[in-house]
Structure formats: C-alpha cells, structure tokens
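K.L.:
Annotation source TrEMBL lists ADP binding site at B:G152, B:V153, B:S154, B:R155, B:S156, B:G157, B:K158, B:T159.
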There are 2 protein chains.
Amino acid sequence: MNRTVFFVSESTGITAETLGHSLLTQFDSVDFEQVYMPYINTDLRAKALTQRLQEAADRDGARPIVFATMLNEEIRDIIKSGNCFYMELFEVFVGPLSKELGVPPSMKSGRSHAITKPSFYTKRIEAINFAMANDDGIRPDNFHRADVVLTGVSRSGKTPTCLYLAMHYGLRSANYPITEEDFERGDVPQLLYDCKDKLFALTIDPQRLQLIREERRPGSPYASLKRCQDDIRVAQQMFKRLQVPTLNTTTQSIEEISSQIIKALKERQEGRPLELTEMGGAAGR
Amino acid sequence: MNRTVFFVSESTGITAETLGHSLLTQFDSVDFEQVYMPYINTDLRAKALTQRLQEAADRDGARPIVFATMLNEEIRDIIKSGNCFYMELFEVFVGPLSKELGVPPSMKSGRSHAITKPSFYTKRIEAINFAMANDDGIRPDNFHRADVVLTGVSRSGKTPTCLYLAMHYGLRSANYPITEEDFERGDVPQLLYDCKDKLFALTIDPQRLQLIREERRPGSPYASLKRCQDDIRVAQQMFKRLQVPTLNTTTQSIEEISSQIIKALKERQEGRPLELTEMGGAAGR
C-alpha cells in the first residue's frame, strides 16, 4: 500500500516532521512517500498545496495524510478544504495547556526553531566550532575545556556523535581515536584517565567496521576483518581498564547514543551514576 | 511564574522534546525549568520519576507539566498517577491515523530515532564526513560531488549550516569562504558560477560579524567594524552578480536557513524556482 504524507508548517516544519515521523513508525507495513512543505504562510501557497494534495490523491488512489502545525486559521482552513486526511498536531494541546497555565497562547508561529534564546543559540554554534577544532584528537590539551570526550577505534562513529551533541545540546565535544601507538602500548594515554568523569567509549561490530573501512581504503590491511577484530578486542580491554561506559554504534543511531550520553552526564552530576551495563541495556529495547 | 516541565519517553525523548518545546513557545510569559527524561522504560524508573514530579511540585507550588510519548500503558499509568499535568503527545493521533490507514499500529516504541532505514542513515553519516572534508573551501574541486554549496565571508555561519544540512537531510554540503584574493579581484572564482544550481550565499549584519570575529581575534584589523562592513558590502555585490539567493544568519537559526535551502532546492528540481527575494521574505515572519 502506498500513501503520500505531507509535513506542512508556517515556518520550518521541523516539529510537524518530527512528530509525524514518530507516528509513521507505528505503521511500517505502509509505504509512505514523504513531502516536506515548510513556509506555507500565505493563502497562495496554501492553495498551491491543495493542488498537490489532489495530484497525490489521484496518483495513490487514496487521499494523502497531512501532518501540520498551523496557527493561522485562515491558511489552515484552505489546506483542510483540500482532498486530504488533515492532522493538526499543535491545536489539540494548546487549549488544555493554556488552561493549566492560566495564560493565553501568543499564537505567534515559527518560534520553536528560531533564535529565541540567543545565549543558548550562541552556545550551540560555539560548541560546533569547538567540536570541529577538537576532532580526531587534534588537541588533547583542550580536553579539560570539553564537556564530553568520546573515544573509540578509527571509524567507530566519534565525529558524527560529537557534532550531534554540539549541535543539539550545545555541549563542547572532543574525541580521541585509539591509535596505533596506543595499541602497541596496550593502554590509552593518561589524559583519558584524567577526564574519566566526562568520557564515553564507542564501539562497533567488527563486520560493520570492516565494511566502513573497506569503503575508505579498499583492500588495505587497515580494512581487513582480522585487523578490525583485533582493534576492537584490544580497545574493549582498554575501556574495561578505564571503567568507562561503552556504547555500540552498530545498532544505535547518533540520536540514541547522544540521548544516552546526556542522561548519563546528568546522572553523574546529580551523584547518581548509571551502572556501566545499564546503557547497553536501555539501548537493547 | 515558574513551572517545571518534564520531557518523558521510553526511548530518546526527541519527539516529546520537539513538540513540547514548540508548545512552550506559545507561553513566553512563563518561566519554564526543563527536565529531560529519556529511557523511562521500566516500572522502577517511572516510580523514581513520580518522586521527582512531587519534588518539583513542592518547589514550584504548582504541579509540573509532563510532555510524554509513552506506548507502554503500564509505565504510562505510573507516571500519570504522579502529581503532574500529563500530556500524552502520541496516543491521541495513533488511533485516528490507524483508522485512516486501515492498519493497526505496531505499538513498538523508540523506532523514530533508531536506525530504521539503514540506507538513509548511512547517507547522513557519509554526508557528515563529506561536510567535514569539504569545509572552508579546502577542496573546491569536490564541488561537483556536492548536493549543496554555501558561500559567504569568514564567520557568516557556513560551517554549522553545512553540518546541519548533512546531519538532518543527508545532503553532501560544501562551502567556499570569500577570501582576501576574491576581494582583491572583486569577484568569486569561476567554480562558483559553475555550481550555481546548488549555490546559496549567507550574509550577516556587520555589527554581529564584528562581535564574532572580535571573539576569535581580539583587536585585529580582521575584527574591525570597518573591515566587516567592507567585506559584507563587496560580498553582496558579488552575490548579486552571481544571482544567487542570499540568507541572513543574524536573525535566522541554522534550522530556519536549512529549511529554506531544502525548500529552494526542491523547487529548483521541480522547475519552479523561488524568486530571489522570497527567501528573505519568508524568513521575516
């Protein structure tokens, strides 16, 4: 079965898309074609959209689904009048929330991904710059300035995770790749022991690592399965000695890993550290 | 007025947080303290959470707000029994959607930020690596491999925007900083004219640029207001000659800019290019 889904918003559409995607994961037997429609903020654009809704309905033989966050009722009504199954994600909650808070809603649109808190926005941008400047262990002398430090073998997912932590949580993130030198010595440098309170290790299944490395340096000893297995085995021993929580990037997305790191950091701050095994356990669900 | 808000989920909590944040922007007279509670996936954790809800209620003198995406009814009921105003963001839509699609929901949790589509996930990770390797005009010979190219003066926001486009949309993003050499020649190199179909320019207000550069190189000629004004004025002339859409990063977040770039790229692909002025207009709302 094929159905077209439109994510519609007066501004970026990120909220409609995020909740819409979550809802779609509940129906994995349906094949959804997804259309992204931000900045539908004039009557003209809304009317053009209804035309596209009709085209999708004709093509699929079923009306398209619309996930929308529209505050302007006039524009909303134009879209609703189109041939679609319209789900307003915002409206249903604003009323009850307003009653609970005892404050009327502002009804201003497009504030949720705008720069509403300049200080946090600046912090995020600075964190991205920090992550760029402290990628791949370029400057381990900077680790004392970092909020979080990731370690792991080459290509285990440290860089994308650092960038995600910086971009979404404003965390200054650095990473240290386990190098040839560390493997020869059989241990990581002291500086990682020194930042244990903010250190996390990433690991990955050898088969997956091999695929990634093979793409990068085809046919090299670096990409052989044996080398990947050895690297990961020795790295695991190092992490055990470090007593650092280990997260597996084979099965978990950067969003999931980041979310677990944030949780663990907060619990450490509150003096309630996670058991080491718990992180993997949570991910298993 | 101070109210505590909990974002609660069985998995990452990203959906609860995104929609919850959107809703909170409607009530900017209230001072919200935000607590992030992912991986509430056992009875034990839910019970510990109800204790924190009570602590918040005692502290604020008003029950906390809970934004939740919980599929497990047993765990949900434990949280609901706590002293809180509970808003289930997910449940209300799953039923109607299921009816429309004629398919029962899977009721599996935590799929929306997991690696459900390995090919798109791999594309995102590869795009991040591409953005890292093609930052700051390091390899303009790679522009033909890029999906999008950004240009602008130094510190106008190219790098964070490229990383966002890569991370969220899986776009291979490169950027070209307008250099001293370009300013002397009074034009950008031919290679930017060659990739006009995927090129966007970023600009920034001179006062804001001065602040950013001053932080980077305090007291330098590079950070003087005069230099910032000159750089931006000449860059604007170049963008005009290039006939490339220009986005202002002073007032717009990387989310907003990325969203507009995505929209413009799609409209170009569909042969319906945006008017150049339209991008700024949409952002002004």
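Placement of Cβ uses the backbone N, Cα and C atoms for every residue, glycine included.
Because TrEMBL annotations are produced automatically, they should be read as predictions rather than curated entries.
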K.L.:
Provide the list of binding-site residues among B:G152, B:V153, B:S154, B:R155, B:S156, B:T159 whose C-beta sits under 8 Å from chain A at the C-beta level, in sequence order; use 'none' for an empty result.
P.N.:
B:T159
K.L.:
Under 8 Å Cβ to Cβ from B:R155 (ADP binding site), same chain, six or more residues apart: give me those in sequence order, or none if nothing qualifies.
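P.N.:
When sequence neighbours closer than 6 are ignored, B:R155 (ADP binding site) has B:I204, B:L209, B:I212, B:R213, B:R216 within Cβ distance under 8 Å.
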K.L.:
Counting all other Cβ atoms within 10 Å across every protein chain shown, which of the binding-site residues B:S154, B:S156, B:T159 scores highest?
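P.N.:
Output for this query is B:S156.
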K.L.:
Please list, in sequence order, the residues in the chain of B:V153 (ADP binding site) that are at least six apart in sequence and whose C-beta is under 8 Å away from its C-beta.
P.N.:
B:P177, B:I178, B:T203, B:I204, B:L209, B:D231, B:I232, B:A235
K.L.:
Within its own chain, what residues at least 6 apart in sequence put their Cβ under 8 Å from the Cβ of B:K158 (ADP binding site), listed in sequence order?
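P.N.:
Same-chain residues close to B:K158 (ADP binding site) (Cβ under 8 Å, separated by 6 or more) are B:D136, B:L150, B:T151, B:G152, B:N175, B:P177, B:L202.
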K.L.:
Determine the Cβ neighbour count for B:G157 (ADP binding site): the number of other Cβ atoms within 10 Å of its Cβ.
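P.N.:
For B:G157 (ADP binding site), the count of other Cβ atoms within 10 Å is 26.
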K.L.:
How many other Cβ atoms sit within 10 Å of the Cβ of B:G152 (ADP binding site)?
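P.N.:
Other Cβ atoms found within 10 Å: 25.
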K.L.:
Residues other than B:G152, B:V153, B:S154, B:R155, B:S156, B:G157, B:K158, B:T159 within 8 Å, Cβ to Cβ centroid, of the ADP site?
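P.N.:
Counting only non-site residues, the set is B:N175, B:P177, B:L202, B:I204, B:T249.
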K.L.:
Provide the three-state secondary structure of B:S154 (ADP binding site) computed with DSSP.
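P.N.:
In three-state terms, B:S154 (ADP binding site) counts as coil.
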